Every structure is written in structure tokens, then in C-alpha cells.
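Annotated region 'Disordered' per Swiss-Prot: 82-215, in sequence order. Residues annotated as compositional bias 'Low complexity' in Swiss-Prot: 178-194. According to Swiss-Prot, the feature ATP binding site maps to 279, 280, 281, 282, 283, 284, 285, 286, an assignment based on sequence analysis.
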């Protein structure tokens, strides 16, 4: 469900903008947003297994495509009015909008190779890049060159594929390739429009947009990764992470200092290729990764195993390669792979699938190939840091363990860290004078950071629970904000919360992590 919500994020806004631009007469911009919405629906359809839901979304897609065709026809009429009357061809034949294909210029028609087998007449060869050669048209299609008076839908790119075998398979290939090409064209146009929108909204910290820096064969995958995993402003600072001073120092040395002192980190002092953070759940590993990206000002890629999963053969490996290419384009950048044990566990197991093994191999190649010595055009270094987090470090493949050169243990918070975390959690609420933070910290020994946060949240809500106890629904609705928020958090609230919230980490889990640290730790 998380992947479905991500694939539909912003769909309503895209459709709203598309219709607003169409009403204003900006048909080109409207078509771009319509194409983006159709691409999102196509991605969502790939995640659906329910036939009823797929049928509903197919009807939605069909309605949007019909609306897009209307906008394209309006744009064609507008362009026709702008053209000079003398520029129209004499006796131009009417354009059949119901045709299964749109005519191409004469120099883009394919021909059969001499001596070779006859090509399928329903499947066209890819166009040649040699614009100087003139090739004869297909029989019966002479004189169908497009004029400037034709609409944009008639002058747009046609759906062509390479040679395929006769039968239904060739038609399916033609449709899938056409959808990919139209989606690519829509994303290219949307990228130029999004630069202006981002600068107005102020999403980028420095006011500059780096979209369009990726140059590679997988622009569709790059656009998908930009939308799903790119987070340029995580917004977490060192002060938001309580304790963990040793982990902060190591991460600062591995990630932040090479950006501040690039001339020092040369040769044997080169930055680390990868850092693995392991420890019990809820100790702040993900929060530390976001703080690293914020403090050193790098672009943050938050990756999970679901992001790199695909049902198509070879697609997951391409996504891994495209992710690292995109990270180099956005350098300096940080690739954070959460729960890496689910993506790259030990190879050679009896239940391991072939596709999973290929993804692991590609990830190992890319992590090993991360070069921190390349530079941009302005001379700045292209630093790509791989950060990984796991609760099961003993399940990680040993080859990946070698590539993650720094392996940092993130333990449960100690007494001072628990005090700092309680103060951080309570900084937005009013605290009564009888609250003893040190006593609460002593009584929560063995609690993880998430457990402490749950204790503070539960304690801060006890005042509201006392206020609404015994009241009807209408009485609760009529209560003012001051009536609810006036009660400060008291010590009795913490005592009740500690009784209800138990620690989620067992001592046996801590022993296993400490044993692995003594064997493979590299702090």
C-alpha cells in the first residue's frame, strides 16, 4: 500500500494544473501535466493485482487520455489560425484522427534491406540518425508529408519499434515501447517546467535546481527514482539526535570532513566508500543518516528494498545502476539503504532466487565502484557516500560487509542520552514543576529511543484523557483549545506511561549485537 500511495502522490495536483493551463490557453503545458498523470496511473496499474481495481483505473486512464486528445486538437486549431494562409498546401487531404498511426516524413520511412527477409508491414524499423539520406516511402503513402498547418498531435513522434516476429507479440512490443517513449517525452518537458515551479516554491535550499543533470539511457527510471527516493532537504540536525556522540564523531569524520577539507583526504586518507550502522531497532540509525545529509548539505537518497523491486527481468539491476548514476549527477550525495539485510543477505542460500542474486551482484559492483576522486566541471569533488542500516548485521553478505568499510554500533541510549531525549521530546509541551527528568531516565533503563518517545507521547496525552473522561461526543467537540491544552505534563503522567509502555528490545538481542561488534566491528 505504501508503494501505491507513492505512485499516486501528486496525481490530483497534476490534473488540476493541467486543466487550469488548458483553460488559460497554455495547451503545451497542459499536455505535459496530462502526460505526467497518465505515467503515474501506468505505474500504479503495475502494482495492482485486483481485476476490479485495475478495470476502474483503466477507465480513469481512458477518460484522461480522451481529455488530453481534446486539448491537443484545440492546440492544433490554435496553431492553424496562427499560420499564414499562403503557407497551406493546395488540396491537402483531410487527416484521419481515427487512424492507427500518424504519418511520418518521407526520410523517416523504413525500407527492407536488400537480400534480407521481407519485414512485417505492421512493424516499422527504428529511424536512422543520418538526416542527409533520403529514402523512398512505403507504397501508397507518397505525398503524405506533414505540413506546418497540421496539428501538434499529427506532428508528434510516432510509435515505432524494432523488427519483431509475426503475430501478437510484435503488437505488444510496439504498444509498450510507444508508451515508454511518450512517457519519456512527457517527463523531459515536465522537467523544464518543474525548474520554474521549484524555484518559486523554494524547495531547494540554495535556490538552484539540479534536475536534468542525469545523462544516461534510463531516463524513465531516473525520473522515477527522483520522485520516490530523492530527498534534498531531510531537515534533521545533530541537536535532534540525543546522545550517540561517538557515532556522530565517526560519521562526521567519514562524511562531513571530506567535504570541508578535500585537500587533506587524498590518497590513503580517501573518504570511506560505505558506512554500516547496526544495532537494536529504534536506536536512531535512520535519524543519524538524515542528520548526516543535512549537516554536510548533500543530496539524500532514501532507498529501501521495495524501491528496487520490479517484476520485469533485469529491471531491478538497471534501477541499482541508475540510482548510483543519479547520485553522481547530484554529487555530493548520500545513498541511505535502510534494512539492507532484506536486500543483500548472504548469497548461496537454498531459497535464493536468481533475480535476487543478480541484484546483489549489481549492488556490490556499484558500491565497490563508487569513486570519490572524480570531480565536477568546477573542480569540486564528486563525493558519493553509501550509508546502510540494519537490525540483523549477521545476515549481510560478507562481500558487502567488506565494502562497507566502517561498521558502527548504535547502542541503546545511556542515562545522559535518555535525559537529553526526554528534554527533546518535551520541548513543545508544558511540563509541571514536580517532573523529575533524572528519575524518569533512571526508571527507563533498557528502553530504546523509540520506546522513550512513546513514553513521553503517552504521558503528554494523559491530561487530555482526564479532560474528556465521561463527556459525550458533542461536549468534546464544543471544548475550546485552551480547555484541553492548559494541563501541563505531571510526574504522575510519566509513572502511568512507564507502567503501560514496556521496552521493545530484549537483553538477548543486545548480546548478539555486541558479539557481532567484537567480531566484525570497525569503528
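Yeah, the Cβs are placed from backbone N, Cα and C, and that goes for glycine too.
Here the features listed in Swiss-Prot are painted onto the structure.
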{"residue": "279", "record": "ATP binding site", "contacts (Cβ under 8 Å, 6+ apart)": "285, 391, 409, 410, 411, 412, 513"}
{"residue": "280", "record": "ATP binding site", "contacts (Cβ under 8 Å, 6+ apart)": "391, 411, 412, 448, 505, 509, 510, 513"}
{"residue": "281", "record": "ATP binding site", "contacts (Cβ under 8 Å, 6+ apart)": "391, 448, 450, 504, 505"}
{"residue": "282", "record": "ATP binding site", "contacts (Cβ under 8 Å, 6+ apart)": "448, 449, 450, 451, 504, 505"}
{"residue": "283", "record": "ATP binding site", "contacts (Cβ under 8 Å, 6+ apart)": "410, 411, 412, 413, 448, 449"}
{"residue": "284", "record": "ATP binding site", "contacts (Cβ under 8 Å, 6+ apart)": "241, 242, 244, 410, 449"}
{"residue": "286", "record": "ATP binding site", "contacts (Cβ under 8 Å, 6+ apart)": "336, 338, 389"}
Checklist entry - Can you list the residues of the same chain, besides 279, 280, 281, 282, 283, 284, 285, 286, whose Cβ falls within 8 Å of the ATP site's Cβ centroid? => result 389, 391, 410, 448, 449, 450
Item to check | Number of Cβ atoms other than its own within 10 Å, given for residue 285 (ATP binding site) | outcome: 26
